[in-house]
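The S-adenosyl-L-methionine binding site annotation in TrEMBL covers 30, 31, 32, 50, 77, 98, 105.
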């Protein structure tokens with residue numbers, strides 16, 4: 001089963017009790033949810049949200065033996081408050097956001113998240129695509145050079161954003177960029193080289209994924225929505241993996257503390273120890289922050 005990041009620390013900080021109501025806003029394959037449900041017991045309720053229907057189906061299977069009452073919904077966490085209202089959940093005792101990307105989704109989705117295999121350049125977190133769904137192919141083929149450079153710099157923190165945007169525009173003038181390998185060939189043609197262990201396309205792929213899914217906007221909305229449903233003394237735990245997410249979380253927590261609506265549960269961010277990093281290298285950049293609601 002998928003190894004959840006900072007599992008023990010998350011359980012310790014949320015400290016769920018029998019009979020409580022918890023939200024896992026990023027269900028994934030259910031690693032955190034399984035441990036939380038075990039603490040909630042048969043009188044507790046766990047609500048799980050997952051944008052990808054295929055991943056949600058696997059989570060249902062993984063959680064079949066969970067003792068708590070389960071409410072599992074295919075939805076992006078930006079709609080958390082709406083989903084909770086629809087499910088008749090008036091208040092939460094705790095909530096978790098794990099913003100890490102599911103490794104199985106990278107490999108199995110077929111939607112172009114990874115450049116390890118040639119796939120359509122979609123990058124949508126949801127597997128339900130509509131006629132108005134924004135895709136990575138649309139961005140690289142239709143957006144202006146300036147807009148491309150801006151998102152690659154802002155969302156990928158890529159210093160070579162202008163050079164990459166110029167190369168993309170030149171390549172699409174010859175033929176459309178439809179797949180991950182099409183996009184990779186742009187980096188090769190532009191002579192962009194690996195920086196240490198980081199592939200030259202890594203940050204651009206991250207930027208496109210964030211733009212396609214409006215991940216930062218979704219995070220802001222999700223935090224506000226979940227906070228509005230959190231009961232007094234309820235805890236909100238968020239695991240982030242890059243500085244763009246961390247900045248939003250820190251600003252949100254800082255605002256709640258300044259307004260005397262909550263207080264930080266720990267003085268400093270919680271990081272994985274060396275043992276966890278060796279066992280699960282993807283945990284290397286994980287950071288856990290926890291806030292407790294006062295009112």
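Note that Cβ sites are derived from N, Cα and C of the backbone, with glycine treated the same way.
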## Note on the structure
What DSSP gives for residue 32 (S-adenosyl-L-methionine binding site), in three states, is helix
### Task
For residue 77 (S-adenosyl-L-methionine binding site), name the DSSP secondary structure in the helix/strand/coil scheme.
helix
### Summary
Counting across all protein chains, other CB atoms within 10 angstroms of the CB of residue 77 (S-adenosyl-L-methionine binding site) number 25
#### Entry: Three-class DSSP secondary structure - residue 50 (S-adenosyl-L-methionine binding site)
strand
### binding-site residues compared (30, 31) - highest count of Cβ atoms within 10 Å
30
